[in-house]
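Notes to accompany the following structure.
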Amino acid sequence: MPEPLLYAQAMGVAAITSSVFVFVMIAVRRSVITSWLNAVCVVGLGLGLVTGYAWLGYHRSFPPTSGLDRLLMIVVPVTLFVELIATSTPISNAVSWLLRIVVAIAIPRILLHKSVYLNVTDDWTAWQANAMIAVSGILLVIVWGALSCVTQRSGGISIAFALCLAIQCAGTTVMLAGYIKGGAAAIPLAATVFGVSAASRVSTRYLRKDCEDRLPNSFLAPAIIALGVVGLFGLLFVGRFFGEISTMSALTILFAPVLCCVSEAPQIRNQKPWVVALLRVVLVAIPLTIVLVAAKREFDREMLPLLGDGIVSPQSQGCRSLRVRNWEESSQRELMSSVCVLDDATDTSRQRTRQVSRKAQEPR
């Protein structure tokens, strides 16, 4: 079951660890340039994630066996490494983006490794699997590129904050769908992204005012955008294929931060910085709120009856879940234990349950 106190502690540990590291490194550095600052942010992001997930008690196996483990142990480190190479080595911007595109296209395949979605069946062919992987990678590239462009043009910590809102919304939605561990993974990620963003912005603007002459206006490290976008995509991808969130909810959350690009309109861009920042946050928060409300209603209809004082008829609640129909005559204790098992089940068992549910719902 969710543990709010533990989640709050993990959030604080991740944010404090990452922000303190960035703050100290900027304070002791004589000269701050963009490539060096991005490298510091990469290390700070890594430290925040390690400490945050360690506080949550995530014990990941090696080699990783689940989609969530592959996200945290393969996808995130590779993303940070690519950002370190892209900004700290003398390579062109085109080569840097080529590396990012390769990583983005490979991420869906990595997350689905050894899953039933890669097995060819009568209802699921190889071209369907390849098309799904390709489309997912293209969507990731679009979001990554759009936020990187608006960051380079105007920057601002509001973009990072909008990403944090989307990440936290994704985690809550996944958790409400029954995948508690997958949803909790968003907490250290959002805290780390915000901690590094705030520390780098405050340090370069107030602690080291000499940085304003060397850094672009409202500079936001590319590594922050990269980790935020990739982490958001990974959580939604895992929640969609190994959890129970809908495709529409996942796409809405993924593209919500792209609404920050609206601030680049001439009538808005020339406004005061705080007006632009507020508009970005509000625009992103609107679709996220709609998704959260819908997820809460779905939870109340399908999951909450399992946690009530009595057994609620699936027909009266409009519940379509196969497990509820099969357990209609079971006792309350069996229902409670089944809900707990849902959080600890492996990705393979989740996928098989989804396949059985689809077949059972087909008209006979």
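Just so it is clear, glycine is given a Cβ too, placed from its N, Cα and C backbone atoms.
Away from its own ends, the transmembrane segment (6-28) comes close to residues 37, 40-41, 43-45, 47-49, 51-53, 55-57, 184, 187-188, 190-192, 194-196, 198-200, 202-204, 207-208, 211 of its chain (Cβ-Cβ under 8 Å, at least six residues beyond either end). The feature transmembrane segment is assigned by TrEMBL to 6-28 (among others).
According to TrEMBL, the transmembrane segment annotation covers 35-56 (among others).
For the transmembrane segment (68-87), same-chain residues at least 6 beyond its ends with a Cβ under 8 Å from one of its own Cβ atoms are 34-35, 38-39, 42, 45-46, 49, 53, 58, 60-62, 96, 99-100, 103, 107, 110-111, 113, 181-182, 185, 222-223, 226-227, 230-231, 234-235, 238, 242, 347. According to TrEMBL, the transmembrane segment annotation covers 68-87 (among others).
According to TrEMBL, the feature transmembrane segment maps to 94-112 (among others). Long-range Cβ contacts of the transmembrane segment (94-112) within its own chain (Cβ-Cβ under 8 Å, at least 6 residues beyond either end) map to 67, 70-71, 74-75, 78-79, 82, 85-87, 118, 129, 132-134, 136-138, 140-141, 144-145, 226, 230, 233-234, 237-238, 241.
The transmembrane segment annotation in TrEMBL covers 124-147 (among others). Long-range contacts of the transmembrane segment (124-147) within the same chain: residues 97, 100-101, 104-109, 112, 117-118, 159, 163, 225-226, 228-230, 233, 237, 251, 254-255, 257-258, 260-261, each at least 6 residues beyond the stretch ends and with a Cβ under 8 Å from a Cβ of the stretch.
Under the heading transmembrane segment, TrEMBL lists 159-180 (among others).
Marked as transmembrane segment by TrEMBL: 186-207 (among others).
The transmembrane segment feature in TrEMBL is assigned to 219-239 (among others). Counting only same-chain residues 6+ beyond the ends of the transmembrane segment (219-239), those with a CB under 8 A from a CB of the stretch are 34, 37-38, 41-42, 45, 67-68, 71, 75-76, 79-80, 82-84, 86-87, 100, 103-104, 107-108, 111, 136, 139-140, 143-144, 147-148, 151, 155-157, 159-160, 163-164, 166-167, 170-171, 173-174, 177, 179, 182-183, 185-186, 189, 192-193, 196-197, 200-201, 204, 245, 250, 253-254, 257.
Residues 139, 142-143, 146-147, 149-150, 158-159, 162-163, 165-166, 169-170, 173-174, 177, 228-229, 232-233, 236-237, 239, 268, 279-280, 283-284, 287-288, 290-291, 294-295 of the same chain sit 6 or more residues outside the transmembrane segment (245-262) yet have a Cβ under 8 Å from a Cβ within it. Taken from TrEMBL, the feature transmembrane segment covers 245-262 (among others).
The transmembrane segment feature in TrEMBL is assigned to 274-295 (among others). A Cβ distance under 8 Å defines the sequence-distant neighbours of the transmembrane segment (274-295), meaning residues of its chain 6+ beyond its ends; these are 154, 156-159, 161-162, 165-166, 169, 172-173, 176-177, 245, 249, 252-253, 256-257, 259-260, 262-263, 268.
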Close approaches to the transmembrane segment (186-207) from elsewhere in its chain (Cβ under 8 angstroms; 6 or more beyond its ends): 7, 10-23, 26-27, 32, 37, 40-41, 44-45, 48-49, 51-53, 55-56, 157, 160-161, 163-164, 167-168, 170-172, 174, 215, 218-221, 224, 227-228, 231, 235
